[in-house]
Amino acid sequence: MPWTRPDSRQPDQLRPILFETNYSRFRVGSVLAHCGETRVLCTATIQPNVPKFLLNSGKGWLTAEYRMLPGATPERQSRELMQLSGRTQEIQRLIGRSLRACLDFERLGERTIIIDTDVLQADAGTRTTAITGGYIALGLAIKKLLEVGELQESPLKLPVAAVSVGLIEGEPFLDLNYAEDTAAEVDFNVVMTGNLDLIEVQGTAESGSFSRLQLNQLLDLAQTGIQELLVAQQNAINSTYQ
């Protein structure tokens with residue numbers, strides 16, 4: 001029997017998205033990213049220094065952190081204090097890699113940008129929402145530096161966005177929620193640039209296997225969703241006054 005989406009979306013339809021920019025008064029760039037019932041607070045902090053391996057290089061750096069609040073899921077999760085889980089480390093490395101791909105570090109100069117992504121509510125897709133929202137926080141931070149004259153030209157090369165896709169009952173679906181994520185035989189996280197080049201493809205079969213044709217279908221579906229997200233990102237950045 002064909003899979004019926006719990007929220008009645010079409011297979012190629014994103015969940016409702018909303019970007020509340022300037023969410024934090026203390027950060028140079030911030031956004032509360034809504035993706036369906038998933039909520040991720042993304043903030044950008046700029047520090048006037050770089051890691052030791054970049055000292056006197058004239059180049060900047062970007063790093064990212066990811067955390068999930070204890071109350072973000074139906075059952076409370078313990079805070080990660082002294083040691084991060086393997087999952088958390090993997091996700092924040094993914095976010096950092098994805099956002100570094102969009103920066104010209106020579107234009108940024110010797111500054112470090114820290115992107116903090118905190119999951120307030122999780123209904124699947126937290127890492128992809130963190131990347132998509134993280135780019136908005138980054139874009140707002142760069143916009144501010146340009147406005148105040150700390151940068152003469154933007155170090156942003158291309159926007160970056162991410163989305164999940166999966167196979168359920170052998171059929172491809174875009175932007176899985178939690179119920180769909182747990183039912184999927186195959187699920188992928190796909191990260192792309194504004195010119196639709198791939199930055200990262202994370203995917204696995206939870207049961208069985210999948211064909212090259214199905215892989216191509218999933219990537220095409222991800223591209224469709226990412227094109228929509230890229231437009232929404234740019235609208236959020238352009239319409240924000242700091």
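Any Cβ shown, glycine's included, is placed from N, Cα and C.
Per Swiss-Prot, the features are as follows:
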BINDING   R87, G125, T126, R127  phosphate binding site
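Feature annotations (Swiss-Prot) mapped to structure.
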residue: R87; record: phosphate binding site; Cβ contacts under 8 Å, 6 or more apart: none
residue: G125; record: phosphate binding site; Cβ contacts under 8 Å, 6 or more apart: R15, C35, G36, T38, V163, S164, D175, L176, N177, D181
residue: T126; record: phosphate binding site; Cβ contacts under 8 Å, 6 or more apart: T38, V40, M68, I91, V119
residue: R127; record: phosphate binding site; Cβ contacts under 8 Å, 6 or more apart: Y66, I91, L94, I95, A162, N189
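In the three-state DSSP assignment, the secondary structure recorded for T126 (phosphate binding site) is helix.
In this structure the residues listed as binding phosphate are R87, G125, T126, R127; their two most distant Cα atoms lie 14 Å apart.
Annotation note: R87 (phosphate binding site) sits in a helical segment as assigned by DSSP. Neighbouring residues of the recorded phosphate site, listed in sequence order and excluding R87, G125, T126, R127, comprise Y66, I91, V119, A122, A124, T128, T129, A130, N189 (Cβ within 8 Å of the Cβ centroid).
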